[in-house]
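My questions will all concern the structure given below.
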Amino acid sequence: MKLQQNFTDNNSIKYTCILILIAFAFSVLCRLYWVAWASEFYEFFFNDQLMITTNDGYAFAEGARDMIAGFHQPNDLSYFGSSLSTLTYWLYSILPFSFESIILYMSAFFASLIVVPIILIAREYKLTTYGFIAALLGSIANSYYNRTMSGYYDTDMLVLVLPMLILLTFIRLTINKDIFTLLLSPVFIMIYLWWYPSSYSLNFAMIGLFGLYTLVFHRKEKIFYLTIALMIIALSMLAWQYKLALIVLLFAIFAFKEEKINFYMIWALIFISILILHLSGGLDPVLYQLKFYVFKASDVQNLKDAAFMYFNVNETIMEVNTIDPEVFMQRISSSVLVFILSFIGFILLCKDHKSMLLALPMLALGFMALRAGLRFTIYAVPVMALGFGYFLYAFFNFLEKKQIKLSLRNKNILLILIAFFSISPALMHIYYYKSSTVFTSYEASILNDLKNKAQREDYVVAWWDYGYPIRYYSDVKTLIDGGKHLGKDNFFSSFVLSKEQIPAANMARLSVEYTEKSFKENYPDVLKAMVKDYNKTSAKDFLESLNDKDFKFDTNKTRDVYIYMPYRMLRIMPVVAQFANTNPDNGEQEKSLFFSQANAIAQDKTTGSVMLDNGVEIINDFRALKVEGASIPLKAFVDIESITNGKFYYNEIDSKAQIYLLFLREYKSFVILDESLYNSSYIQMFLLNQYDQDLFEQITNDTRAKIYRLKR
C-alpha cells in the first residue's frame with residue numbers, strides 16, 4: 001500500500017489496521033524483554049518453563065488446572081470456572097503449547113490489545129496517527145506495563161482493554177449514531193462484568209455519565225435512551241443467557257420497528273430496566289455504600305457487637321497506601337513532563353470533542369490513586385495517552401495558525417522524534433524493571449514434593465502471600481490466600497507462626513477444623529465460635545488456655561495439617577506477628593514488637609563495631625546495639641552456623657535484657673528481635689531447627705523452606 005506523504009491526515013481502514021498491527025507488535029516485543037532477561041536465571045524455571053511473577057496468578061492457574069482435570073475438592077477455594085481460568089482452559093484446549101507457556105505469555109498478548117481501542121477512538125476524531133503515538137505510550141506506561149508484563153498472569157491483562165472498548169462504543173455512538181454500536185455497548189459491559197466482577201462500580205459510573213451526557217447533548221434521540229436501557233439490563237444480576245436474549249430481542253425490535261417506538265415506550269423500558277436491576281440485586285452494591293456512609297456509626301457498633309476486633313490488613317498492603325505525586329505521574333505517563341502535556345491535551349480534547357468527557361470515570365478512578373493507592377493508576381493510562389496524542393495535534397495545529405512553516409518531511413521527522421522521546425522513559429523503565437518470579441525453582445520443587453506426601457483434603461498453614469502458590473504446586477487446602485486475608489482470617493496463621501510451639505500447635509489444629517466446620521455452620525467469626533464452644537468469657541482467656549500441652553479438643557481430627565515456613569517470610573515477620581499481637585477483645589496491641597533484618601556494610605577497625613544497613617551499630621564486641629545514639633544491651637548473641645542442622649552457638653550476655661542478635665552465616669545476615677519473637681515457632685523451628693517432636697514431624701528441611709506435619 002502506498003501511504004500518503006502527509007500521513008497525519010490519513011484515516012483509511014488499511015492505514016488504521018497497519019498502525020494497530022505495528023503498535024500491537026511493539027507492545028508485545030517490549031513485554032518479551034523480561035522473558036529474554038529472566039531466561040538467564042535457571043532458578044526462575046520450573047517444569048522447563050519460566051514461572052509467573054504474581055501471587056494472584058497462581059489462583060487462576062489452580063482454577064485452570066482443576067478445569068483441565070475436570071474436578072476440584074469441595075471448599076478448596078479453587079478459582080474453578082473463573083474468567084481467566086476459563087480463558088486459559090480454552091486456550092490450553094486448542095493451542096499446542098504447554099500450560100506453563102500459556103500462562104507465561106497470555107498477558108503479553110492480551111494486554112497489548114489496548115492499542116486497538118486507543119487507535120480506533122482517535123480514528124473517530126480523524127486523528128489516527130496521533131492515536132498511534134498514544135497507543136505506543138499507553139501500551140507500555142509504567143503502571144500498565146508493571147501489571148501486564150510477561151509472566152504477570154492476572155485479570156489485569158484485559159482490565160483496561162474492555163472499558164476502553166466500552167468507551168469506544170460510547171464515542172462512536174455519539175458521532176455516528178451507529179445502530180450496530182447500540183448492541184456492542186451492553187455486550188462489552190457483560191463481558192467486562194464476567195471478566196472482572198469488581199468492575200461493577202466503574203460500569204455503573206460510565207453508564208450514569210452516559211445518561212447525563214444524553215440528557216445534555218442528545219435528549220431528543222431515541223437510540224441513546226435505548227442504549228442506556230440495554231446497558232442497565234447488562235448491569236443487572238440476571239443470568240447472562242437471559243440478559244443476552246433480552247438485549248438481542250430489544251435490539252431487533254428497535255432495528256426493524258424504530259418508527260413505531262415513541263419516547264413513552266423508551267422511558268417505560270428504562271423504568272423496567274431499572275426495576276430489573278433492583279430486583280436482581282444490581283443496586284445492592286450502591287445501596288450498601290450509601291448505608292455505610294449514612295449510618296456509619298450504628299453499623300460500626302453492630303460490627304463490634306457481632307465479632308472481635310482484628311488488625312487491619314490494609315495497613316500492610318503497599319498497593320492501598322497513598323503515593324507521592326511524582327511517582328503518581330510517572331506511573332501514568334512514564335514521566336512528569338509527558339503527564340503534564342497529556343493532562344493539557346485531555347482538557348483540549350474534551351473542549352473540542354465533548355464525547356471525550358465520557359472517559360472521566362476512568363480518569364477519576366486513576367486519579368483516586370493519590371489517596372487510595374498506586375493500584376488504581378492504570379485506569380488513567382489510556383485516557384491520558386489519548387490526551388498526549390491530542391496535545392501533539394494541537395501543537396502542530398498551533399504552529400500552522402502562527403504561520404510557522406514546516407515541510408511535510410520536517411513535520412513527520414519532528415513528530416517521530418517527539419514520539420520517541422515521549423516513550424523513552426517507559427522503555428528505560430522496562431529495561432530496569434526486572435521483576436523476579438514469585439518462587440524460585442527450589443521453593444517450587446519443595447512444594448511440588450509435598451503434593452506426593454499430603455492429601456488434597458489436608459491443610460497447609462502459611463502466610464497469605466504463599467496461599468495461592470501452595471495450592472497450585474501442592475494441591476492442598478490453605479487457611480488464607482491473596483483473596484482471603486482479612487484480619488479475622490490472618491489471625492490464625494499469624495498465631496501459629498508467631499507464638500510458642502505449644503499454643504501454635506493447638507491453634508493449628510483448631511483453626512483447620514473450625515474452618516472446615518464454618519463452611520457448613522457459616523460462622524461470621526471463627527475465633528468467636530471457638531470461644532463460645534470452649535465456654536470462655538473472652539478471647540484472651542481462650543487463647544491463654546492454648547498454652548496447655550494437654551489441651552483437650554472438642555473436635556475430632558479429620559485431616560493432616562502442615563506448616564510451611566519459608567526463609568523469604570523472615571523479612572516480613574513483624575507484619576505476620578502483628579495480627580496475633582492484637583487483642584481481639586479490644587483491638588489493642590498487646591506488646592511493642594521489635595524486629596529487623598539487616599546486612600553489615602562496614603566495620604570500624606579501631607573499635608570493632610559493625611555498622612548495619614538499617615542504621616543500627618553493633619558495639620562492645622557484640623554485646624550491645626547502638627540505635628540513634630542510645631546503647632541497648634543484648635540478652636544474647638546467637639551465631640547460627642546451619643539452619644538445616646540446627647547448629648548454632650548461644651552466647652548469653654545480659655539475662656535482664658530483652659533483645660536478641662542473630663547472625664545467619666548461610667545468608668550473611670543479621671536479625672535483631674525481641675524475646676517474644678525469638679521464642680516464636682517460626683524462629684525456633686525454621687532458623688534454629690528446634691521443634692517439639694511430640695507436636696511436630698519435620699517433613700522438609702531446607703535452608704529455603706521447612707515444612708512440618710502437626711502430630712496433634
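Placement of Cβ uses the backbone N, Cα and C atoms for every residue, glycine included.
Annotation source Swiss-Prot lists topological domain 'Cytoplasmic' at 1-12, 218-222, 257-262, 351-355, 400-407, citing a curator's inference. Residues or ranges marked as transmembrane segment in Swiss-Prot (evidence: experimental evidence): 13-37, 99-124, 128-146, 155-176, 179-194, 200-217, 223-235, 240-256, 263-280, 328-350, 377-399, 408-432 (among others). Taken from Swiss-Prot, the feature topological domain 'Periplasmic' covers 38-98, 147-154, 195-199, 236-239, 281-327, 373-376, 433-712. The site 'Interacts with target acceptor peptide in protein substrate' feature in Swiss-Prot is assigned to Asp56, Glu319, Arg331, Ile572. The annotation site 'Important for catalytic activity' is assigned in Swiss-Prot to Arg147 on the grounds of a curator's inference. Swiss-Prot lists 316-319 with the feature motif 'TIXE motif'. Sequence annotations record features per position, and here Swiss-Prot assigns motif 'WWDYG motif' to 463-467 based on similarity to another entry. Annotated N-linked glycosylation site per Swiss-Prot: Asn535, Asn556, in sequence order, evidence recorded as experimental evidence. According to Swiss-Prot, the motif 'MI motif' annotation covers 569-576, on the basis of similarity to another entry.
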Could you state the CA-to-CA distance between Arg147 (site 'Important for catalytic activity') and Asp56 (site 'Interacts with target acceptor peptide in protein substrate') to the nearest Å?
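Their Cα atoms are separated by 11 Å.
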If you count other C-beta atoms within 10 angstroms, which of the glycosylation sites Asn535, Asn556 is the most crowded?
Asn535
Roughly how many Å separate the Cα of Asp56 (site 'Interacts with target acceptor peptide in protein substrate') from that of Arg331 (site 'Interacts with target acceptor peptide in protein substrate'), to the nearest whole number?
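Answer for this pair: 21 Å between alpha carbons.
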Which listed range (99-124, 128-146, 200-217, 263-280) shows the maximal number of Cβ pairs under 8 Å with respect to the transmembrane segment (408-432)?
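Checked against 99-124, 128-146, 200-217, 263-280; highest Cβ contact count belongs to 128-146.
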Which residues in the same chain, at least 6 apart in sequence, have a Cβ under 8 Å from the Cβ of Arg331 (site 'Interacts with target acceptor peptide in protein substrate')?
Ala141, Asn142, Ser143, Asn146, Ile323, Ala369, Leu374, Thr377
Which state, by DSSP, holds Asn556 (N-linked glycosylation site): helix, strand or coil?
coil
Within its own chain, what residues at least 6 apart in sequence put their Cβ under 8 Å from the Cβ of Ile572 (site 'Interacts with target acceptor peptide in protein substrate'), listed in sequence order?
Trp463, Asp465
For the topological domain 'Cytoplasmic' (400-407), report the average pLDDT of the model, please.
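Mean pLDDT, the topological domain 'Cytoplasmic' (400-407): 79.
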Quick test of the contact rule: Cβ under 8 Å, at least six residues beyond the ends. What residues does that give for the transmembrane segment (328-350)?
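Residues packing against the transmembrane segment (328-350) from afar: 125, 137, 140-143, 146, 356-357, 363, 366, 369-370, 374, 377, 380-381, 383-392, 394, 422-423, 425-426, 429.
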Provide, as an integer number of angstrom, the distance between the C-alpha atoms of Asn556 (N-linked glycosylation site) and Asn535 (N-linked glycosylation site).
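With the alpha carbons as reference points, the distance is 18 Å.
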